[in-house]
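Let me begin by presenting the structure, written as structure tokens, before commenting on it.
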Amino acid sequence: MRFGVLISVFVAIVSALPLQEGPLNKRAYPSFEAYSNYKVDRTDLETFLDKQKDVSLYYLLQNIAYPEGQFNDGVPGTVIASPSTSNPDYYYQWTRDSAITFLTVLSELEDNNFNTTLAKAVEYYINTSYNLQRTSNPSGSFDDENHKGLGEPKFNTDGSAYTGAWGRPQNDGPALRAYAISRYLNDVNSLNKGKLVLTDSGDINFSSTEDIYKNIIKPDLEYVIGYWDSTGFDLWEENQGRHFFTSLVQQKALAYAVDIAKSFDDGDFANTLSSTASTLESYLSGSDGGFVNTDVNHIVENPDLLQQNSRQGLDSATYIGPLLTHDIGESSSTPFDVDNEYVLQSYYLLLEDNKDRYSVNSAYSAGAAIGRYPEDVYNGDGSSEGNPWFLATAYAAQVPYKLVYDAKSASNDITINKINYDFFNKYIVDLSTINSGYQSSDSVTIKSGSDEFNTVADNLVTFGDSFLQVILDHINDDGSLNEQLNRNTGYSTSAYSLTWSSGALLEAIRLRNKVKALA
């Protein structure tokens, strides 16, 4: 299979650079090397996606430190956000970005029969997580109440604390890490007979899955339980307050870990996880959180900023969070999957805004290049005018793909109501062709397997493809993805080879392939 070829190619180009000795000099160790003899073919989307899956995986793995990998200017298990060391300097490991990266690695692991090369990379990440948890930092220390230091957002690549000014704390990181590692434990049990792959290696801080649960997952969960109702900075590291994305990933981490805690006879903690997850679910959906705003009929990412009249609340985080917390084919008690009408309306309104906001989108009638939020002014090198982000655009493609996958795989109907009507009627199907008397105030159910259902499903896939076409039009010739594309010219800008960008595209291609396999 192509994955095996990719791993062979990847191992063959392992960098000969030595590990750093003495004070960290990150600029002395560039880690970027373009995919060998590859140039993007822009003539056909299908051909591009077929080839790009391996290319995006290559660039994602290139930014992870592990013995079989190319990047070795870092402790094994380190994930750099980007090789970029200036304008902007992203040569650090973020707790959030690393966890999201390894969620993508886990998708590949699960689709490739527990590939041991990837499993080793995951376990090195788990080992590094143990050490980072216990590294005192400006946010606090492991020994503080509820492990306060776990809210530290980023560290140097050698595992030392970053002590510069930053937006602290960031409470989504521990939740995402706990979820990613918990998911790996389930993979180990279901795909590898409960056996870890690094237990005989030196300098590893665990010898069993129970060690991982008790010493790495549980502290992160204790942090979430202790601080879920405290303010922190958002995933974009700009605003302190309450955040839909943060609360959603926290709820996911707690709910997902209940059965794991029970499996290790930690019943009392499992009960605490369950009760706190239920409290968070109510907080997410109710008036206390303020995230579901019926006055504007969309999810508000940061209600505090809406109250201050500094933002309208539209944000790509309101669909990125649902995608990260609802893996395909997974039965989940976490609310706000992408079929939620408020998630879809938020997605639709951001798309409508960005179509007018970014002139690069004048070339597109359906999908578009999507930014973080309408009021964004960060261009990667200071503040002026915000740009579309490749990762936000790749996640935008995933939304319609997941709608189709979930409906088809479970033979579910598709329900259109007055909240999500505008999205479906404008971009997916003229609802008057289904029911000539249909009004936007009505609710209509499109029955699974019907001709109308198949039309809607096909059109949703085509709509998702229109976002990937935007990426094809603006991706670098070597298949790497920057953080942003210029709002006017479409040229790549900001940090190059952003790990999260490659991961988001890889997940979009994976989801699209699974939808196609259902046809």
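Keep in mind that glycine also has a Cβ here, set from the backbone N, Cα and C atoms.
Annotated features in Swiss-Prot:
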SIGNAL    1-27  signal peptide
CARBOHYD  ASN115  N-linked glycosylation site
CARBOHYD  ASN127  N-linked glycosylation site
BINDING   TRP166  substrate binding site
CARBOHYD  ASN205  N-linked glycosylation site
ACT_SITE  ASP234  active site, proton acceptor
ACT_SITE  GLU237  active site, proton donor
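Note: the Cα of GLU237 (active site, proton donor) and the Cα of the residue listed as 'substrate binding site' are spaced 8 Å from each other. When the glycosylation sites ASN115, ASN127, ASN205 are scored by other C-beta atoms within 10 Å, ASN127 scores highest. In this structure the alpha carbons, written CA, of ASP234 (active site, proton acceptor) and ASN127 (N-linked glycosylation site) are 26 Å apart.
Listed in sequence order, PRO138, PRO153, LYS154, GLU237 are the same-chain residues at least 6 apart in sequence whose CB falls under 8 Å from the CB of the residue listed as 'substrate binding site'.
Counting other CB atoms no more than 10 Å from each candidate's CB, the active-site residues ASP234, GLU237 peak at ASP234. Taking only the Cα positions, the spacing between ASN115 (N-linked glycosylation site) and ASN127 (N-linked glycosylation site) is 19 angstrom. Taking CA atoms as the reference points, ASN127 (N-linked glycosylation site) and ASN205 (N-linked glycosylation site) are 6 Å apart. According to DSSP, ASN205 (N-linked glycosylation site) is assigned to coil rather than to any helix or strand. Mapped onto three states, the DSSP output places ASN115 (N-linked glycosylation site) in coil.
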